[in-house]
């Protein structure tokens, strides 16, 4: 058996595994698309086939008529963009400081990050609600944005610390030797190299805010301020009743902005910028 | 060359940073603008009209429309008391209300169900509506239903809509098996089981019954056999699982494993899942919540001739009344006005519109008459409406620890019994000892 045959087989195996993985990940989305185009009767009768027998746009009409997707989408977009920018802006300098300076704050902060991930949201929602109410931040998109920043920041910080730690310290030392100050090093050397990490962090923060349900449910009461996940929940009723067609159509429409956002910035999610930057 | 290029890039970067900051500021300003709207519309105090928030859980489109029409009509007739319609969701209302009650921001008028509202009432979160609802409204509600919203002699909600368990049947499959569709208001369990056995054969089961969450069904339909399970109220409640309590589980078990007239797979599914099998002709009959008549009307194939059978009866046809409700938050500054709105909502024509949208039984007999006239009893409505008179408060609705027992003890115990993993004696033991553990006995 030649090396070439083994390599080919391994490659085929790799692609087969990759295909299976992609199918596993993509199937729910394909199912959502197929269901969105099925009639109520076809859904009720159970899927005899995966594809709709008589595709219809009825569900989209129902979804748009019943739920104010545009207003809810606009609210979601504002909250998600604001919390993404704030989370990233706060996490970048903090991650740099924690990665580069070994003070007592480092273990304390990292410990806080871990502990903050331990508590289930449902345990803290009531005290959080009471605190926000004192500051008049209930039923308010600013309050919701602040909550998202607070709860996304620990993990974003954790992610970025790893990226900063991977930037060779020698690059900064070389810039310092050339006379660059701390700010100049950050702006000209560190932040550009940190771009893939920043993009990954921003994606994480955006998707977390875009999909979040429980905080929005509890904090937002005004119909004009509800976010998309709250609007989508209207298609679920008591006793396990679900308006599946309209829910699938509305969910499909709701995924479009996040797909666009991902499409816009995923090109920047490149790695290997540092390859060969420093001689090993 | 490369250095020069990089430098020019770097000169542009501060501008990018400033631009990003500006975007963030603008987005936050946008959020803040939305936030400041609060101040204008929250209280409705001062000299302006009273402003009430009504959180509705209406789910079906006709019900949402009917609810909004009721609000619009009220607002037109009452310029001094304006109601804002807020759409809630059944799926998340429990978490939402727990937080809102504790935070003091609950809506003025709250839609939910009596079993859950009883718990909130015991914690003092609901206003007493005794005396606030008109005689016309309260006298039209059966006493057993009114009992379900009475806590410590206080009426903590107005009961609006109820559901009962109904047997839907495929008339074609019944006739093929020589089973006649019974006339009359009730149908005995023995006849039901005989019909199930007669229609079982080939790929068809006599009955498909979604019992993935069996506790509510067992305790409600168990009342057919005089099953009470509990005695007492509040924290001071004892359990007794005897012959009457085991009668229904044993019948279902026998149908699934002795004569195999009930598909054992359906026992593990939800009611909606089983409905799919019924629509495809896999089951001759299915036991469902009465609201499923809507799904049948909208989704049944043209060649499926379905019928709602008379209510099941053993010692009685009683079932538990767990009505949907409208309550007023005790902290509301406008309890009187909120109660007046609920009284308006409960008027026969209004309640009938909402009931027709949800395919549920109106709690008021006056509204039931309107529904009966509007629908002419078609599409199962005559059976659905007939069920209203048999609905009454069940002892479990007065037991504070029932929700915990239901989730942690009863549901898994019933599931294991219906999966043929334990016998009836073990079921009784688990239910009894489980109650003693959750109630601290």
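Our numbering is plain: 1 for the first residue shown, then up by one each step along the chain.
The backbone N, Cα and C atoms fix where each Cβ goes, glycine too.
Automatic prediction, not curation, is the source of TrEMBL annotations.
Fair warning: this is a prediction, and the values are worked out from it, not measured in the lab.
What TrEMBL says about this one:
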- A:12-34: transmembrane segment (TRANSMEM)
- A:73-265: domain 'ABC transmembrane type-1' (DOMAIN)
- A:79-98: transmembrane segment (TRANSMEM)
- A:110-132: transmembrane segment (TRANSMEM)
- A:144-165: transmembrane segment (TRANSMEM)
- A:185-207: transmembrane segment (TRANSMEM)
- A:244-265: transmembrane segment (TRANSMEM)
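The stretch from A:110-132, A:144-165, A:185-207, A:244-265 that makes the most Cβ contacts under 8 Å with the transmembrane segment (A:12-34) is A:244-265. Using a cut-off of 8 Å between Cβ atoms, the transmembrane segment (A:185-207) and the transmembrane segment (A:79-98) share at least three residue pairs, counting only pairs 6 or more apart in sequence. Distant neighbours of the transmembrane segment (A:244-265): 29, 32-33, 35-36, 38-40, 43, 58-60, 62-64, 66-67, 69, 73, 76-77, 199, 202-203, 206-207, 210, 228, 231-232, 235-236; these residues of the same chain sit at least 6 beyond its ends, with a Cβ under 8 Å from one of its Cβ atoms.
Here the transmembrane segment (A:110-132) has long-range neighbours at 98, 138, 143, 146-147, 151, 154-155, 157-158, 161, 214-215, 218-219, meaning same-chain residues at least 6 beyond its ends whose C-beta is under 8 angstroms from one of its own.
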